[in-house]
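Right, one structure below, let's go through it.
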Amino acid sequence: MTTPLICPSILASDFSKLGEEVRAITEAGADWVHIDVMDGHFVPNITIGPDVVKALRPHSNLPFDCHLMISPVDSFLEAFRNAGADYISLHPEAGPHLHRSLKYIRQLGAKAGVVLNPATPVEILDWVMDDIDLVLVMSVNPGFGGQSFIDGQLKKIEVIRKKLDAVGHHAILQVDGGVNAANAHLCVEAGATAMVAGTAVFKGGPSAYAANIKQLKGL
Ligand code: DX5
Ligand code: ZN
């Protein structure tokens with residue numbers, strides 16, 4: 001089994017010292033920095049915008065993985081790319097033209113991701129397979145950190161794994177929400193290649209980050 005990429009969600013970090021937190025997870029062995037962007041409209045919470053992403057950019061050389069939970073989304077894609085986003089993922093429900101949005105993300109020079117909410121059918125992927133670099137399976141309903149993993153989403157990961165393998169697609173298959181040391185191996189067994197974790201990485205403060213990340217990797 002391959003070692004999954006660990007993408008700490010800075011939503012669970014200490015917002016009063018975001019730069020330090022990003023440096024700390026970078027030094028602790030994180031693979032990507034997952035940035036949850038919420039607008040109080042598409043999801044019932046508000047977090048950070050492109051200016052904060054830009055301010056964090058000098059603090060790490062890791063890929064910035066921006067998970068956009070905002071609607072409308074298209075008008076903000078360029079701003080996130082300019083701020084330093086390497087991966088930009090969006091929800092199909094966040095805009096009227098998923099295919100156009102994905103094309104635009106790639107045109108901007110970023111990698112494009114589609115995020116599936118717990119109730120979003122996997123078939124939404126079928127006609128955008130050539131336009132995606134990442135599929136993100138939400139294992140909680142988006143909006144908040146610290147929620148419980150929805151076990152039924154493991155089946156969805158398996159189905160998408162098969163779908164990708166059937167056509168030799170190398171998209172990253174990421175899972176987000178309630179991921180912890182107890183369920184991380186189940187995600188990997190189901191076919192996930194990247195895991196977002198907020199609470200499970202940031203618990204215990206900076207001195208615990210390296211061990212937390214190692215544990216999630218199953219090392
Ligand atoms: C939820 C976010 C997740 C979340 C993960 O809307 O997309 O990234 O912050 O946090 P934990 O790992 O605490 O569930
Ligand atoms: Zn997220």
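Every residue gets a Cβ built from N, Cα and C, even glycine.
For the divalent metal cation site that TrEMBL gives as His34, Asp36, Asp176, the extra residue drawn from His67, His91, His97, His99 is His67. For the substrate site, TrEMBL lists His67, Gly143, Phe144, Gly145, Gly146, Asp176, Gly177, Gly178, Gly198, Thr199; matching the candidates Ser9, Ser13 against that entry yields Ser9. Here the binding-site residues are Gly145, Gly178, and the one with the most other Cβ atoms within 10 Å of its Cβ is Gly178.
Thr199 (substrate binding site) falls within a helix when secondary structure is assigned with DSSP. According to its DSSP assignment, Gly145 (substrate binding site) is coil.
Here the binding-site residues are Ser9, Thr199, and the one ringed by the most other CB atoms within 10 angstroms is Ser9.
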